[in-house]
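**Q** Features from TrEMBL:
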- 1-20: region 'Disordered' (REGION)
- 37-54: transmembrane segment (TRANSMEM)
- 66-86: transmembrane segment (TRANSMEM)
- 98-119: transmembrane segment (TRANSMEM)
- 125-148: transmembrane segment (TRANSMEM)
- 169-189: transmembrane segment (TRANSMEM)
- 201-221: transmembrane segment (TRANSMEM)
- 253-274: transmembrane segment (TRANSMEM)
- 280-306: transmembrane segment (TRANSMEM)
- 318-339: transmembrane segment (TRANSMEM)
- 351-375: transmembrane segment (TRANSMEM)
- 387-405: transmembrane segment (TRANSMEM)
- 411-432: transmembrane segment (TRANSMEM)
Amino acid sequence: MVEVAASRDEEEAAPLVSAAGEGRRRGAGAASETRDLHVLSSAFFFVFLAYHAAQNLQSTVNTDENLGSISLGLLYASFTAFSVVGSPVVRRLGSRSALVLGTSGYLLFIAANLAPSWYTMVPASLYLGFTASIIWVGQGTYLTSAALSHARDNNLADGPTLGSFNGEFWGVFASTQVIGNLISLALLRNGKDGGSVTGKNLLFVVFLGCMIIGIVLMCLLSKRDEKRDNASTHSSFGAMLKYIVAPLKDRRMLLLIPIIAYSGLQQAFVWAVFTKSIVTPVLGISGVGGAMAIYGASDVVCSLVAGRFTSGLHSATFIVSVGAVLQAVVLFWLLLFYSPMDGLLGAAVPLFIGALWGVGDGVLNTQLSALLGLLFEDVKEAAFAQLKVWQSGAIAVIFFLSPSITLQAMLILMATSLVISFGSFLLLTLVVEKPSSTTR
């Protein structure tokens with residue numbers, strides 16, 4: 001009897017021990033997911049504070065035969081072409097390994113700027129286009145996987161968790177424009193034509209150090225379970241191609257593509273047009289870093305706030321509407337009323353435009369990433385590949401067009417694209433909500 005009672009006590013105690021262990025594992029999982037979010041954000045911070053500042057300076061420090069602008073155009077054209085292969089590479093390697101590999105292109109691009117020529121910058125730009133397609137599909141896949149795991153481990157809703165994770169990531173990411181450009185401003189502050197050779201080389205050596213820190217942080221990410229056990233179903237090229245283009249058969253993706261393309265247009269507008277045609281005539285080359293730092297600070301605040309308020313399609317529609325209206329105001333004001341002015345007011349105008357534009361960029365980054373993770377969870381690698389195909393293609397268009405068309409023509413192109421893309425996004429809201437309303 002004593003033995004029976006003892007065994008019964010052990011059986012009753014076992015579930016309690018198991019539940020306690022499960023609770024510890026769940027808590028450890030939640031801690032791991034938030035840790036990975038912080039590490040991923042920090043890694044991208046170091047990599048992109050160097051890259052963004054270097055990108056902003058290309059048209060001013062590499063002016064020989066427009067080497068800087070053409071290199072960036074080739075970079076984003078390569079990015080567009082290779083975005084199709086980004087998804088299968090990420091699925092094959094896993095998002096963590098893809099992120100580590102993806103940083104190599106950024107390191108090579110920064111190194112090429114220490115000896116800029118057609119023989120260094122063009123190959124580095126083409127290779128960066130390939131690795132950028134990998135790192136960005138990997139980023140979207142990894143962050144979405146971490147957010148959804150965190151939501152399920154803690155019984156949280158997917159939408160707000162995706163919004164929160166994307167808000168933190170894009171807020172930290174946007175701060176790269178602040179820190180990187182302040183570093184540029186400090187090291188090139190006396191330069192009227194892009195700074196001295198010594199100052200420029202010192203700047204890119206500092207950027208190389210930041211890149212190395214970012215790569216080390218990428219290596220510290222946890223390996224995530226992303227349901228790669230179904231990779232065998234995509235073993236043939238034909239099957240993988242069908243997987244990649246699968247989102248294009250979904251009308252939700254077709255309605256998202258215009259706003260995705262516009263998100264690329266508006267980023268490239270800042271890098272290629274705003275700095276050259278709005279900032280430089282008023283503040284000079286040395287003022288580019290300061291203007292872009294303000295743009296980045298606005299982007300940071302907006303990304304964090306927008307991420308916190310994201311709960312689903314309704315909230316995303318409202319948030320995107322705010323950003324779209326602000327960018328529309330800027331575009332139509334530049335198109336109809338703007339002319340460079342002297343004095344303190346004239347100097348403040350480009351800074352104010354940069355701040356307003358940063359709001360729109362922060363909105364689009366957080367909301368598009370959260371929506372893709374929410375609407376295309378089953379094909380998230382392919383969805384984020386589509387994001388980068390259309391986004392980078394639009395960026396390449398701006399870099400190739402900007403040297404040959406006027407500011408007025410560029411503003412008309414941007415305003416038209418904004419109206420079309422925002423209308424398509426509003427239609428997406430109706431398409432997604434219609435089935436749920438009929439179900440009720």
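Glycine is no exception: its Cβ is also placed from the backbone N, Cα and C atoms.
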**Q** Should anything in the same chain at least six residues away from the transmembrane segment (280-306) have a Cβ under 8 Å from its Cβ atoms, list it; otherwise answer none.
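**A** Those are 52-53, 56-57, 60, 163, 167-168, 170-182, 184-185, 188-194, 270, 274, 319, 323, 340-341, 346-347, 349-351, 354-359, 361-363, 365-367, in sequence order.
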**Q** Does the structure show the transmembrane segment (253-274) and the transmembrane segment (387-405) touching, where I'm treating 3 or more Cβ pairs under 8 angstroms (sequence separation 6 or more) as a contact?
**A** yes
**Q** Short question: which residues 6 or more past the ends of the transmembrane segment (66-86) have a Cβ under 8 Å from it?
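**A** Here the qualifying positions are 55, 57-60, 109, 116-118, 121-122, 124-130, 132-134, 136-138, 244, 268, 271-272, 385-386, 388-389, 392-393, 395-396, 399-400, 402-403.
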**Q** Does the chain bring the transmembrane segment (98-119) near the transmembrane segment (351-375), so that three or more CB pairs sit under 8 Å (pairs 6 or more apart in sequence)?
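**A** No, the transmembrane segment (98-119) and the transmembrane segment (351-375) are not in contact.
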**Q** Grab the same-chain neighbours of the transmembrane segment (351-375) for me: Cβ-Cβ under 8 Å, and only residues 6 or more beyond its ends, written as numbers and ranges.
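**A** Contacts with the transmembrane segment (351-375): 140, 143-144, 147-148, 158-159, 162-163, 166-167, 169-171, 173-174, 177, 252, 256, 259-260, 262-263, 266-267, 270, 274, 278-279, 290-292, 294-303, 306-307, 310, 312-313, 316, 319-320, 322-324, 326-327, 329-330, 334, 383-384, 387, 432.
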**Q** Are there residues at least 6 beyond the ends of the transmembrane segment (125-148) whose Cβ is under 8 Å from a Cβ of it, and what are they?
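**A** Beyond its ends, the transmembrane segment (125-148) has Cβ neighbours at 33, 36-37, 40, 44, 71-72, 74-87, 89-90, 95-96, 98-99, 101-106, 108-109, 158, 161-162, 164-166, 169, 221, 224-226, 369, 372-373, 377, 380-381, 383-385, 387-388, 392.
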